[in-house]
Amino acid sequence: MKSVVFASLIASALAVPTELAPRTDVSSLCPAGLYSVPQCCATDILGVARLDCKAPKQTPRNADEFKNICAKGGQQAACCVVPVAGQSLFCMTPVGI
(Lines of atoms letter the chains of each structure in order from A and count residues from 1; the text may use other names and numbers.)
(Lines give C-alpha, C1' and ligand atoms only; values in the text may rest on other atoms or scores of the structure.)
Protein backbone atom coordinates (compact mmCIF):
# COMPACT_ATOMS: atom_id res chain seq x y z
CA MET A 1 0.00 0.00 0.00
CA LYS A 2 2.81 2.40 0.88
CA SER A 3 4.55 1.70 -2.40
CA VAL A 4 1.41 2.63 -4.36
CA VAL A 5 1.16 5.98 -2.56
CA PHE A 6 4.89 6.60 -3.04
CA ALA A 7 4.70 5.72 -6.74
CA SER A 8 1.72 8.02 -7.31
CA LEU A 9 3.52 10.91 -5.57
CA ILE A 10 6.57 10.40 -7.77
CA ALA A 11 4.39 10.19 -10.89
CA SER A 12 2.54 13.41 -10.06
CA ALA A 13 5.83 15.21 -9.32
CA LEU A 14 7.19 14.15 -12.70
CA ALA A 15 4.01 15.28 -14.44
CA VAL A 16 4.40 18.90 -13.27
CA PRO A 17 6.13 21.04 -15.94
CA THR A 18 9.47 22.40 -14.81
CA GLU A 19 9.21 25.59 -16.81
CA LEU A 20 6.17 27.67 -17.62
CA ALA A 21 5.79 28.92 -21.18
CA PRO A 22 5.53 32.72 -21.55
CA ARG A 23 1.97 33.78 -22.17
CA THR A 24 0.36 36.75 -23.76
CA ASP A 25 -2.38 37.87 -21.46
CA VAL A 26 -4.25 40.82 -22.91
CA SER A 27 -6.78 40.56 -20.11
CA SER A 28 -4.20 41.98 -17.70
CA LEU A 29 -4.02 45.21 -19.72
CA CYS A 30 -7.69 46.10 -19.50
CA PRO A 31 -10.07 45.20 -16.69
CA ALA A 32 -12.68 42.52 -17.30
CA GLY A 33 -16.18 43.77 -17.95
CA LEU A 34 -17.18 47.05 -19.53
CA TYR A 35 -13.75 48.52 -20.43
CA SER A 36 -12.25 45.28 -21.74
CA VAL A 37 -11.31 46.20 -25.34
CA PRO A 38 -7.69 47.37 -25.87
CA GLN A 39 -7.57 50.13 -28.49
CA CYS A 40 -5.07 52.62 -29.93
CA CYS A 41 -6.86 55.98 -30.20
CA ALA A 42 -5.77 59.21 -31.89
CA THR A 43 -7.91 61.76 -30.05
CA ASP A 44 -8.79 61.97 -26.37
CA ILE A 45 -11.76 64.13 -25.38
CA LEU A 46 -11.60 65.07 -21.69
CA GLY A 47 -10.31 61.63 -20.76
CA VAL A 48 -13.69 60.01 -21.44
CA ALA A 49 -14.34 59.73 -25.18
CA ARG A 50 -11.78 58.64 -27.76
CA LEU A 51 -11.90 59.09 -31.53
CA ASP A 52 -10.29 57.21 -34.42
CA CYS A 53 -9.68 54.03 -32.42
CA LYS A 54 -8.25 50.83 -33.83
CA ALA A 55 -7.10 47.53 -32.38
CA PRO A 56 -3.33 47.38 -31.77
CA LYS A 57 -1.40 46.05 -34.78
CA GLN A 58 0.47 43.60 -32.54
CA THR A 59 -0.66 41.72 -29.46
CA PRO A 60 0.90 43.48 -26.46
CA ARG A 61 2.29 41.38 -23.60
CA ASN A 62 2.31 44.14 -20.98
CA ALA A 63 1.27 47.75 -20.39
CA ASP A 64 4.55 49.30 -21.57
CA GLU A 65 4.48 47.32 -24.80
CA PHE A 66 0.82 48.31 -25.34
CA LYS A 67 1.76 51.99 -24.88
CA ASN A 68 4.75 51.67 -27.27
CA ILE A 69 2.76 49.84 -29.97
CA CYS A 70 0.18 52.64 -29.99
CA ALA A 71 2.83 55.38 -29.80
CA LYS A 72 4.49 54.07 -33.00
CA GLY A 73 1.35 55.12 -34.86
CA GLY A 74 1.03 58.44 -33.00
CA GLN A 75 -1.84 57.14 -30.90
CA GLN A 76 -2.56 56.53 -27.23
CA ALA A 77 -3.33 53.23 -25.52
CA ALA A 78 -6.84 52.95 -24.08
CA CYS A 79 -9.25 50.39 -22.67
CA CYS A 80 -12.66 51.01 -24.19
CA VAL A 81 -16.21 49.81 -24.33
CA VAL A 82 -16.86 48.05 -27.65
CA PRO A 83 -16.25 50.80 -30.26
CA VAL A 84 -18.86 51.69 -32.87
CA ALA A 85 -17.58 52.96 -36.25
CA GLY A 86 -14.17 53.85 -34.81
CA GLN A 87 -15.67 55.97 -32.06
CA SER A 88 -15.12 54.73 -28.53
CA LEU A 89 -17.39 56.82 -26.39
CA PHE A 90 -16.23 55.42 -23.06
CA CYS A 91 -12.56 54.70 -22.43
CA MET A 92 -10.07 54.62 -19.60
CA THR A 93 -6.30 54.49 -19.23
CA PRO A 94 -5.00 50.91 -19.19
CA VAL A 95 -3.77 49.34 -15.97
CA GLY A 96 -0.07 50.04 -15.45
CA ILE A 97 0.24 53.13 -17.67
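Every residue number used here counts from 1 along the chain in the order it is shown.
Positions of Cβ are set from backbone N, Cα and C atoms, glycine also.
Some features that Swiss-Prot has for this protein:
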SIGNAL    1-15  signal peptide
DISULFID  C30-C79  disulfide bond
DISULFID  C40-C53  disulfide bond
DISULFID  C80-C91  disulfide bond
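Annotated features taken from Swiss-Prot, shown on the structure.
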residue: C30; record: disulfide bond; contacts (Cβ under 8 Å, 6+ apart): S36, V37, P38, C79, P94, V95
residue: C40; record: disulfide bond; contacts (Cβ under 8 Å, 6+ apart): C53, K54, A55, P56, K57, I69, C70, G73, Q75, Q76, A77, A78
residue: C80; record: disulfide bond; contacts (Cβ under 8 Å, 6+ apart): Y35, V37, P38, Q39, C41, R50, C53, S88, F90, C91, M92
Study note, to complete from the structure: CB neighbours within 10 A of C79 (disulfide bond), counting all protein chains shown, number 22
Review point. Other than its own, how many Cβ atoms are within 10 Å of the Cβ belonging to C91 (disulfide bond)?
Key: 25
